[in-house]
Amino acid sequence: MTGRPVGVFKVSEEVAVLAPILLLTCLSSPSPEQRVRTGEFINEDMDPSDDAQATCWAIPDAVNYGLVTCAFFGVGVNLVVFLRRVLHQDNAEAANNISKWTGTVYIFSLIGAFLSDSYWGRYITCAIFQIIYVTGLVILSLASWFLLVKPSGCGCIDARCDEPSAPGVALFYLSTYMIAFGNGGYQPSIATFGSDQFDETDPREARSKVAFFSYFYMALNVGSIFSNTALVYYEDLGDWVMGFWVSAAAAALALVLFLVGIPRYRHFKPSGNPLTRIAQVFVAAFRKRNAEVPQHGELLHEVDGDDSKVSGTRKILHSDGLRFLDKAATLTDEDHGAPENMTDPWRLCTVTQVEEVKCILKMLPIWLCTIVYSVVFTQMASLFVEQGATMNTNIGSFHIPAASMSLFDILSVLTFITIYQRVLVPVMSRLSGNPQGLTELQRMGVGLVIGMVAMVVSGVVEIERLRRVVAPDEPSSLSVLWQVPQYALIGASEVFMYVGQLEFFNGQAPDGVKSFGSALCMASISLGNYVSIMLVSVVTSLTDKDKRPGWIPGNLNSGHLDRFYFLLAALSLVDLAAYVACAVWYKGIKLDSADDKEKATAHV
């Protein structure tokens, strides 16, 4: 299927909550193409009770994502502990290796997005990268079983593992980076693929599409609950091999579910290499650098008809910003005198092609401002865990693995998504007149503020933890449950920041680079991890001098992790100021529809 979805598929957000119940119904229902042939295609006169049938095309997508996430966190959430206990790395080295790995996961999303938008399409891209993902998990399970976890059951609190062998370490890094490559390439395409199942030209379904991103993010967190509780608990006791095999099984089940849905999904053809189209705009603009741009956008070059020159995409209306790029679509006397120039995209581009480049350039400042938040977010998988491991992790006779504290992040996400959809959206929509409640940019700004508060709270908890240290080499007597507020605040900030990002970049990205828009969210997390590595390294080198232990030493009891958290809070404050300026400057994309011209609500 090319172009945007045809017909109207109404999907209520209430039905989305019933995803597990509807899944079997979805898998047994006819595909959209079958419904067209049998005269059952859904239209505007469809009874509201049929909403569940329309929802089916998005439900398996979310369930698939939940299973993939379960597998990913089954490995990732406790990986920093595996590095310390099984591979014998110290705190700073393990934290940096986790940041490198996590950053690589999300930088690979740009590769997946490129292949999805350009050549393979979203479905094939998701399938191929999931196969790579499952393969990596199987290799990791085998390597841990036969080479790394020696003797069997080691790597818990009291049992030390043997020194890892070179082949075991090599297979460990090969498998974990295969997991990073597979998961990273899959993520941006699956989010966009799910949103493709909604017809955004219908107002009701467009609202459901917005709700889809919230529930899609909810699927991520529901999928990680099992990993962050049961799997983390048993891995912390030394059952690493079992935990990795369970993750591999969840990923394999997700792949089977995804492949089963082939005839029931909407599929869109890729629109060609966006890098070529972007390069053509810059080359054409440079060649016409002396041309005078018309005052009215209607005088710029555009193809006739409703469809744009790029296959499967809608036209974009001209905008006044970045006018130097308009030279690429400016018709000159030379173009009129040489008919071949009119068909040469390296000399003359359409308005839609120029606006595609403008949209990307205008989104970049917003994207850059989200990187500091990702630095804050990534501490949850590294320093939060290491901080928790040096606290009292026992409640009576029950031991709480430090990594399982991320459960409170998940519960916070699930709670705040529900509160946002059921309470804040209705209230804010009445106050602001915006049916979404808050615009995407406003949501992201709120997320930045909450993330900054989370770092302040984390620093205060660390100060209190240090006060309760009795012996330098023993954990603090402060209960690990004191970490609940910082995890909960990170979860609340995710609902505003990452869900807002998904909506913003997916909604503002032109049709030809939709997966790239989703990949920007992942790339933000990636760069956040790399910036975190840089910050940890710089802070360590600057503070670990003159025989001082530094802020983040091997033994956190002799360090000042609280100062590092306060540093991140200060950086977040500076970032917030820059973000507000960029958000006020931003102007949303204008799409040319057959009925009217609508502007996406993406401004502050």
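Cβ coordinates are placed from backbone N, Cα and C, and glycine is handled just like the others.
Pulled from TrEMBL, these are the features on record:
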type: TRANSMEM; residues: 62-83; note: transmembrane segment
type: TRANSMEM; residues: 104-121; note: transmembrane segment
type: TRANSMEM; residues: 127-148; note: transmembrane segment
type: TRANSMEM; residues: 212-234; note: transmembrane segment
type: TRANSMEM; residues: 240-262; note: transmembrane segment
type: TRANSMEM; residues: 364-385; note: transmembrane segment
type: TRANSMEM; residues: 397-420; note: transmembrane segment
type: TRANSMEM; residues: 441-460; note: transmembrane segment
type: TRANSMEM; residues: 520-543; note: transmembrane segment
type: TRANSMEM; residues: 563-586; note: transmembrane segment
If we call contact 3 or more Cβ pairs under 8 Å (sequence gap 6 or more), are the transmembrane segment (104-121) and the transmembrane segment (520-543) touching? yes
Of 364-385, 397-420, 441-460, whichever stretch has the most CB pairs under 8 A to the transmembrane segment (520-543): 364-385
Run the contact check on the transmembrane segment (397-420) against the transmembrane segment (62-83): 3 or more C-beta pairs under 8 Å, excluding pairs closer than 6 in sequence. yes
Are there 3 or more C-beta pairs under 8 Å linking the transmembrane segment (62-83) with the transmembrane segment (364-385), counting only pairs at least 6 apart in sequence? yes
